[in-house]
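Feature list (source: TrEMBL):
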| type | residues | note |
| --- | --- | --- |
| DOMAIN | 12-691 | domain 'Myosin motor' |
| BINDING | Gly105, Glu106, Ser107, Gly108, Ala109, Gly110, Lys111, Thr112 | ATP binding site |
| REGION | 568-590 | region 'Actin-binding' |
Amino acid sequence: MEGALIARDRVGVQDFVLLDSHTSETAFLNNLRKRYQENLIYTYIGTLLVSVNPYKELDIYTVTQMQLYRGVNFFELPPHLYAIADNAYRVMCSEYNNHFILISGESGAGKTEASKKILQYYAVTCPTTEQLQIVRDRLLLSNPVLEAFGNAKTLRNDNSSRFGKYMDIQFDFKGEPVGGHILSYLIEKSRVVHQNHGERNFHIFYQLLEGGDKDLLCWLGLERNPQKYAYLIQGRCAKVFSINDKNDWKIVRKAFSIIDFTEKDIEHLFGIVASVLHLGNIQFEEDSNGHAIIRDGTQIKWISKLLGVHLSILQEALTHRKIEARSEEVLSPLNVDLAFYARDAVAKAIYGRTFTWLVNKINSSLANKDSTRKTVIGLLDIYGFEVLDTNSFEQFCINYCNEKLQQLLIEMTLKAEQEEYELEGIEWEPIPYFNNKIICDLVEQKHKGIISILDEECLRPGEATDLSFLEKLEEKVGDHAHFVTRKLADQKTRKSIDWVDFRLLHYAGEVTYCAVGFLEKNNDLLYRNLKEVLCNSKNGIIRDCFLLSELDNRRRPETVATQFKNSLMSLIEILMSKEPSYVRCIKPNENKEPGKFDDYLIRHQVKYLGLMEHLRVRRAGFAYRRKYELFLQRYKSLCPATWPHWHGPAAEGVERLIKHIGYKPEEYKLGRTKIFIRFPKTLFATEDAFEFRKHLLVSRLQAKYKGCLGKREYKKKREAAIKLEACWRGALARKEAKKRTWAVQIIRKFINGFINRKKPLCPENMEFVRLVQYNYLMKLRDHIPKNVLDKSWLQPPSILEETSEMLQKICIRSLVRKYCRGVTAERKVQLQQKVVASAIFRGKKEGYLQSINQPFMDTRLMTLNVAINLARLCSQTGGTWNPSWDRDP
Ligand SMILES: Nc1ncnc2c1ncn2[C@@H]1O[C@H](COP(=O)(O)OP(=O)(O)OP(=O)(O)O)[C@@H](O)[C@H]1O
């Protein structure tokens with residue numbers, strides 16, 4: 001609930017106890033409308049769930065939704081059927097007790113849908129084993145079978161349940177669904193033989209004709225066309241747009257096989273369904289004596305075959321009545337009207353009892369054989385209060401049932417309230433409410449109640465009629481404040497009550513019942529000879545339904561109303577021993593239209609569903625109650641002493657908190673485990689303060705969160721950088737170490753090579769020698785003599801001495817060659833002359849050595865020639881010569 005306190009302006013309050021004007025029906029309707037228009041079909045009154053039929057598919061029944069509600073605190077999520085179902089289940093598991101969920105509302109309000117949804121919820125969310133899967137399937141598939149035989153199209157609902165249903169789902173100690181049991185109440189048998197305009201018979205008839213295969217129909221003596229059967233066409237709407245009989249037939253057939261029906265069972269079952277259709281087509285005619293006779297024997301032959309009864313005996317039983325006169329039995333012929341009555345009575349009886357057989361059959365397939373203790377959750381899908389234009393015996397029973405259930409609800413709610421107050425040590429404040437026990441007594445009291453009077457009339461000898469019954473009522477309960485007839489009414493009311501009517505002032509409003517047919521319906525008699533025929537049937541189901549022992553029992557069977565009263569008593573007993581949850585379904589409009597909220601219709605239902613009464617009871621004390629822990633958890637931020645954490649007991653924390661907020665003493669009470677807040681406005685003020693505070697907290701949280709995110713990001717980056725650095729350094733160090741290792745190896749090799757350098761080339765010195773050679777050659781390349789006069793030469797290492805010498809020679813030779821090539825012819829002559837001159841002057845001329853480098857000059861050449869000649873002369877004469885020469889290399 002807390003979740004949507006926030007959105008209350010738009011979607012209203014999720015819990016009616018939080019309405020300010022809780023006694024105002026208009027405020028109630030406004031809230032309901034506001035929510036309905038937002039597709040919020042569920043609203044709480046405390047723990048009671050109010051549901052408004054949306055008449056459209058809503059996206060709120062998905063498996064995800066189921067998981068959402070699973071195990072979550074009742075008030076934490078928006079109201080939902082699943083919350084009710086889950087709450088019952090959780091409490092059952094933890095406290096190991098039994099529960100029931102009572103679903104009520106008028107026809108078409110969504111009761112059956114709700115009960116199916118709850119069943120699906122358990123099927124999906126409860127733990128189970130593969131073995132139990134079959135139980136789960138049977139539980140789910142029991143629905144289509146019961147709906148086929150017990151539901152029909154009515155004016156108010158295309159799939160209206162024409163019986164009351166109570167289904168127990170049994171759970172073992174692990175919370176696994178292990179079995180189930182169904183009780184059915186008051187199936188509307190009259191529908192088998194009569195339907196109002198716009199209504200249909202039970203679905204199964206149409207499904208069989210539409211979906212049954214040719215061979216089956218042939219075997220049953222049926223034609224596919226429903227128009228051929230008198231029991232199917234009174235409503236003139238055998239075909240309904242919203243119903244797919246063919247498809248439904250398939251589902252029912254499949255369900256039969258899962259629910260353990262044998263082929264024989266199915267054969268007998270459809271034999272009965274077909275027999276009912278054949279019965280409806282039997283026509284009686286009057287013979288000359290005014291007695292009923294059957295002219296066309298076709299139908300009766302089929303019935304005799306399908307029910308396994310003797311043809312002539314059946315024919316006789318349908319047209320005669322056995323009367324016991326003294327100790328003799330006399331057959332008295334029936335007139336046509338009585339024959340039709342007998343025919344319809346058989347049809348109703350066999351259909352009604354077959355339905356009971358069906359429920360028993362389903363029960364035996366759902367039964368859990370192991371005897372360990374089980375806990376149960378019961379689902380009660382029962383007809384709501386009915387007010388039709390003409391209200392008959394059925395409406396009387398239905399409305400009586402609703403009175404009883406209303407009483408149960410009020411008692412249990414009051415009891416629960418009182419128990420809670422006692423448990424919490426809060427003083428009990430008496431709650432004023434309307435106790436409808438007075439109406440229940442009017443109906444059910446022994447000897448004095450309406451049912452007893454009706455039974456008396458049915459059983460007494462003599463000519464009892466519906467009118468004599470009415471007179472008896474006036475006589476015996478005429479002075480009751482909740483009973484009126486035309487005779488008893490005042491002038492004003494008299495006009496609205498017919499002479500055959502009586503009116504009851506139910507808790508939900510006035511209902512006028514037409515007494516016509518009460519006796520007949522209450523008696524529900526089947527002539528004895530017809531019963532005998534059925535008891536001797538060869539159809540196994542009919543034999544199970546009509547026991548021979550019934551014939552021996554001379555006591556009159558209980559009347560329908562008494563049977564119903566007794567079954568209701570035992571139902572109430574069953575319910576009283578369990579923990580209750582309630583779902584009240586509301587029908588929003590008469591046209592099955594989505595989104596249409598008919599104020600008048602809904603106001604009416606709010607009234608007769610007792611919602612205002614329930615709200616008054618829930619609100620009479622306190623509007624809101626919560627465990628201290630939950631209250632503190634939600635609102636602790638409103639008080640500095642409790643925020644962010646309260647370390648003491650929760651109750652003390654709450655006390656500090658509300659003192660800080662400023663609650664007045666009359667606004668609250670503190671129980672043992674819970675705080676009780678009297679007025680919704682107190683809670684809303686707290687909620688508003690919380691909202692405001694939340695915004696503050698949210699911005700703080702956001703800032704903190706952003707800071708945290710930033711820090712986290714920075715830390716991440718930093719760590720990444722450090723890691724990267726470490727990796728990089730490692731890589732560098734590894735590279736360095738590798739380099740060093742390599743260098744050491746090289747140096748080692750070098751030293752080794754140096755030590756062994758003198759040895760011939762071997763692996764130890766190979767590299768060193770090569771290196772030295774290489775280095776020497778490289779160096780030599782840079783120190784090669786540049787001309788022939790340059791006598792320098794790089795000193796070679798010892799291992800290259802020989803090579804060096806060779807290289808030097810090659811080099812000199814190359815230089816010389818180069819020099820020689822560069823010498824011109826003129827120069828060559830000059831040099832030759834110089835050689836000659838040298839030969840002449842070496843050692844003989846002073847300054848010879850200095851003149852070697854001097855080139856010859858042309859002027860001097862002449863002189864040289866002269867000199868040569870002179871020299872020759874001198875040499876011949878022994879004289880000396882000392883000319884100065886130009887330098888020349
Ligand atoms: N929660 C829902 N969501 C959608 N449609 C729904 C819902 N509940 C009911 N309906 C619609 O309303 C129709 C009538 O509902 P349902 O048969 O459950 O009514 P009921 O109260 O069981 O009536 P009756 O008393 O006649 O059996 C359904 O066939 C379905 O179309």
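Just so it is clear, glycine is given a Cβ too, placed from its N, Cα and C backbone atoms.
Note that TrEMBL annotation is computational and uncurated.
Note that the structure is a prediction, hence the values are computed from the model and not measured.
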Binding-site residues close to ligand 1 - of Glu106, Ser107, Ala109, Lys111, only those whose C-beta is under 6 Å away: Ser107, Ala109, Lys111
Distant-in-sequence Cβ neighbours of Thr112 (ATP binding site), under 8 Å, six or more positions away: Glu147, Asn151, Asn159, Ser161, Asp381
Other same-chain residues whose Cβ falls within 8 Å of the Cβ centroid of Gly105, Glu106, Ser107, Gly108, Ala109, Gly110, Lys111, Thr112, the recorded ATP site, in sequence order: Asn53, Asn157, Gly384, Cys585, Lys587
Ala109 (ATP binding site), number of other Cβ atoms within 10 Å: 25
Local backbone state of Lys111 (ATP binding site), from DSSP in three classes: helix
Segment confidence, the region 'Actin-binding' (568-590), expressed as mean pLDDT: 92
Lys111 (ATP binding site): tally of other CB atoms within 10 A of its CB: 29
Proximal but sequence-remote residues of the same chain as Gly105 (ATP binding site) (Cβ under 8 Å, at least 6 apart): Ser51, Lys111, Gly384, Arg584, Cys585, Ile586, Lys587, Gln605, Leu609
Number of other Cβ atoms within 10 Å of the Cβ of Gly108 (ATP binding site) across all protein chains: 23
For Gly105 (ATP binding site), the three-state class that DSSP assigns: strand
DSSP-derived helix, strand and coil totals, residue by residue, for the region 'Actin-binding' (568-590): 9 helix, 8 strand, 6 coil
